[in-house]
Amino acid sequence: MAVRVNTSIFILCISILLSTSHSQQLTTSFYHKSCPRFEQIMQDTTTNKQIASPTTAGAALRLFFHDCLVDGCDASVLISSTPFNKAERDADINLSLPGDGFDVVVRAKTALELACPGVVSCADILAVATRNLVSMMGGPFYNVQLGRRDGRVSQASRAENTLPKPIMSMDRIIMIFKSIGFSVQEMVALTGAHTIGFTHCSQISSDIYNYSRTSQFDPSYNPRYAAGLRNACADYRKNPSLSVFNDIMTPRIFDNSYYKNLPKGLGVLRSDRALVMDRRTRPFVELYSRDQKAFFDAFARAIEKLSLYGVKTGRRGEIRRRCDSVN
């Protein structure tokens, strides 16, 4: 009888230890005592950076997505490559990530290290910077749970094999999001992030130049829009940095204009235009195009959920001294 009781107690203790080691509690007040000025420093940094560089919001939002979708929100996308490891940021799909997204994190980390050294993770900085910038652009304010640790692993191959690409079929894109626990509706809501930011011309060149024997551009484009894109991107081979806004109507406002554009053939990326052509995604495009509050509510819920995906806490991560390298 004693052996059975002791065995039960032992199993219970092991279960508790395993659960706590994998799920340290995150909280919105995580830094209230350890770094009281955290929120103010983050607000000042993101505001100043956005004013100086208006593309920062879109850049940070895209950087956040590319970080979280690859093994969780652990700032692994910020790590630089070494002679021994090609990191996520140098994967082909990430080479077009705008520098302003990285820069706002570096600025915030520098300020926070002066105020409270070794306390705030780069993962938390990126999550909060993204939220602040979305809100600054007119988007919804949502809660960000804090207490993430920074990841120690960053591999370009993981990014290439995990991140959705604009040329993928809708089946494949839906499957990628489903594999990390996101519904079709949540995927469509998150894609609404394309209401701000820009796309490099090189990413759409195959859709606007020599598309087929019968058409110079993808016929799912509005013809006048395609002509405008072809003109704007004419020198993309000589100038790889050439880019176009994701939302032609209100590129600097986080609103539901992105969804209104899609039925008119005004989606920049092939995956954008596919949303309105697929029977599984079209109802949500139509909903968010006519009801901005529905979009904001859905986006806030989905990005809060994404911000908790694959979070590392406790010994599973670290607080990096520099965001571009492990300790």
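Every residue gets a Cβ built from N, Cα and C, even glycine.
Here the domain 'Plant heme peroxidase family profile' (25-327) has a mean pLDDT of 97 out of 100. Positions annotated as domain 'Plant heme peroxidase family profile' by TrEMBL: 25-327.
Residues or ranges marked as active site, proton acceptor by TrEMBL: His66. Sequence-distant contacts of His66 (active site, proton acceptor), defined as residues of its own chain at least six apart whose C-beta falls under 8 angstroms from its C-beta, comprise Val77, Glu88, Ile93, Asn94, Leu97, Ala159, Leu163.
Per TrEMBL, Ca(2+) 1 binding site is recorded for Asp67, Val70, Gly72, Asp74, Ser76, Glu88. Around Ser76 (Ca(2+) 1 binding site), the C-beta neighbours below 8 angstroms that are at least 6 residues distant in the chain are Asp67, Val70, Ala87, Glu88, Asp150, Gly151, Val153, Ser154.
With a cut-off of 8 Å between CB atoms and residues at least 6 apart in sequence, the same chain places Leu69, Arg172, Ile173, Ile176, Phe177, Ser271 near Pro164 (substrate binding site), listed in sequence order. The substrate binding site feature in TrEMBL is assigned to Pro164.
The C-beta environment of His194 (heme b binding site), restricted to residues of the same chain at least 6 apart in sequence and closer than 8 Å, consists of Asn246, Asp247, Tyr258, Val268, Leu269, Asp272. Per TrEMBL, the feature heme b binding site maps to His194.
Sequence-ordered, the extra residues of this chain that approach the Ca(2+) 1 site, with Cβ no more than 8 Å from the Cβ center of Asp67, Val70, Gly72, Asp74, Ser76, Glu88, are His66, Cys68, Leu69, Asp71, Cys73, Ala75, Val77, Gly151, Ser154, Arg158, Gly310. Within 10 Å of the C-beta of Glu88 (Ca(2+) 1 binding site) there are 28 other C-beta atoms, taking all protein chains into account. If you take the C-beta of Asp74 (Ca(2+) 1 binding site) and look for same-chain residues 6 or more apart in sequence within under 8 angstroms, you find Asp67, Ala123, Arg148, Arg149, Asp150, Gly151, Gly310, Val311, Lys312, Gly317.
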